[in-house]
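A.B. asks: So TrEMBL lists these for the protein:
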DOMAIN    1-36  domain 'Phorbol-ester/DAG-type'
DOMAIN    407-551  domain 'N-acetyltransferase'
Amino acid sequence: MSTEPKFCKYCPNKLEDCVDEGLSCTSCSQNVHLRCLRNGGVPGGLHGDIFFTFTCQDCSQSNTEEFVREKMSWLKVLVLVLYHLQARSPGLGRKGYFHWRNHVASLIDKNWEGLFLKEFKKKKKWVGTVAGTLSHFSTYFFKSGTSVMNEPAWWALTYPKLTPNVISNLYSGFTNEKQKLKILKMSISDGELFTQILHKYVKNEDLLTPVYMVEAPISDGSDKVSDEDTIKSIKQFTVNKRKSILPTFESTSKKLKKNSTVFSNLGDDWTSYLKQRETNSEVDYCVRSKPSKVQQKEVQLLDPLCHYNTSLSSNYIFLKPVKFVQGDSNIRIISGASRQKGNQMKIRLMGGLRKEMILSPYSGIYLKPYIRRDCETSPAWLRLMAEVQMKANEKNGAYVLPPRAPIDYTYVQPEHIPAINSLCNNFFWSGIDLTECLQYPDFSCVVMYKKLIVGFAFLVPNVKYTENYISFIFTRPGWRNVGIGRFMLYHLIQTSLGKDITLHVSINNPALFLYQKFGFKVESVVLDFYEKYFRSGTSESKHAFFCRLER
């Protein structure tokens, strides 16, 4: 690692490895921060990617910054992809590990032209090279998740704080030093040599600390908990958490009995449970993509409608601090005894402002928390509820109707899936599961009033080279004929500029007129299209129009 200080050409700040890296111009040899690039970033947008031959704006003949991809080895590509995933799409992984095929190989395939030179041919069995490279360099740069999750195929960077450029320099220095020792006929183990090179290139010891570690539950120090016991307890906690999503009569009765007990007899077990739950909550990720076959079978047994943890985000739950007074053999809860009372329950039902951006696993860009917030539309259901409130308080002359909440148009999120699946099973047909839409939230629109989902629309991208397909558009009864469906359709069309959009609609469905207003034309009639979907006795025709919006 270079010891000479480097400063940015566009700003006076210093370039730092693993903190604030940049590119060096091949003509003037001056450096530019990645964040200071005039184009806003490097081509491809992969986090930490500086493997380019760079020409700055002043030295370029075209008066624009020029980037030429360097020759990329498989080691560089895999380190870069894993570094990008951990920084930009951490929710896709499990405890910091990513699946080599579903995540790593999929991202490489999507960005193949940007990662490799045109001369590098894409072989039929290139996916096997990914697995082989991960295994080959597992001693130094890659860490398998088998010991953590008892499953193969999950990988992470051994030193996740080191950038791809630093790791590339480490490997180059390691191979060069190994070659010198071979010429001098000096014998030293590879592990010992790599450790020397690592500490030679990386002076900051904090950068060498792995961050993907499963911490043991907090204890009083009287006994030690092994790593295996910790992992088992985390898995058991996750299973119990998933089982609680669908309550049963037996579990409800147990909760009623539990709430009627006296808190003063809880003892130290309550404290240890809270500590263990706090520790586990830091490790468990609630968003996962494309579960393995074994996972799918386990999850379907626990919750057939959803692959995700559907508990409310902590961003919307504001709890009072719980104060404990611990005596010799009991604990008394002073305040915050229940999370189901007062403002806490109100916030759980009403929701709050979503402020965080949504990272799309499909495009890698950050989506805004809201597509639109409508405060003017008055659906029939809201008018009815307002009339009921006025009627119930007609004897109260001072009563004023409270202001209504906005109708929010958002992108689909994991917590929406159970409710959307339930609506689809009630209003369309049974067996619908839309968890796959989480892979491309850019092409979705979910309409919510507070925490109630009143409509949704989904588009499947790239069903053909120049064609996208609208799979579902739905508006809840009582919320129709006020423009909600029209705006959802407009939003999906705007996300597919330059590509045809197709859909199927039942012959006697009045939504056909809405599609025609936007330019959809009937291309063909598909007989008995809904035969295997619609329930017997439905009023909807089982024949469908296949419509297309041409671009």
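Glycine residues also receive a Cβ, built from the backbone N, Cα and C atoms like all the rest.
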A.B. asks: Checking distant contacts: for the domain 'Phorbol-ester/DAG-type' (1-36), what same-chain residues at least six beyond its ends satisfy Cβ-Cβ under 8 A?
C.D. replies: 42, 48, 50, 52-56, 58-59, 161-163, 165-166, 169, 201-204, 207
A.B. asks: To what whole number does the mean pLDDT across the domain 'Phorbol-ester/DAG-type' (1-36) round?
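C.D. replies: Per the prediction, mean pLDDT sits at 82 for the domain 'Phorbol-ester/DAG-type' (1-36).
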A.B. asks: Tally of helix, strand and coil residues over the domain 'N-acetyltransferase' (407-551) according to DSSP?
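C.D. replies: Tallying H, G and I as helix, E and B as strand, the rest coil: 40 helix, 51 strand, 54 coil.
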A.B. asks: Per DSSP, what is the helix/strand/coil residue tally across the domain 'Phorbol-ester/DAG-type' (1-36)?
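C.D. replies: Residue counts for the domain 'Phorbol-ester/DAG-type' (1-36) by secondary structure: 3 helix, 14 strand, 19 coil.
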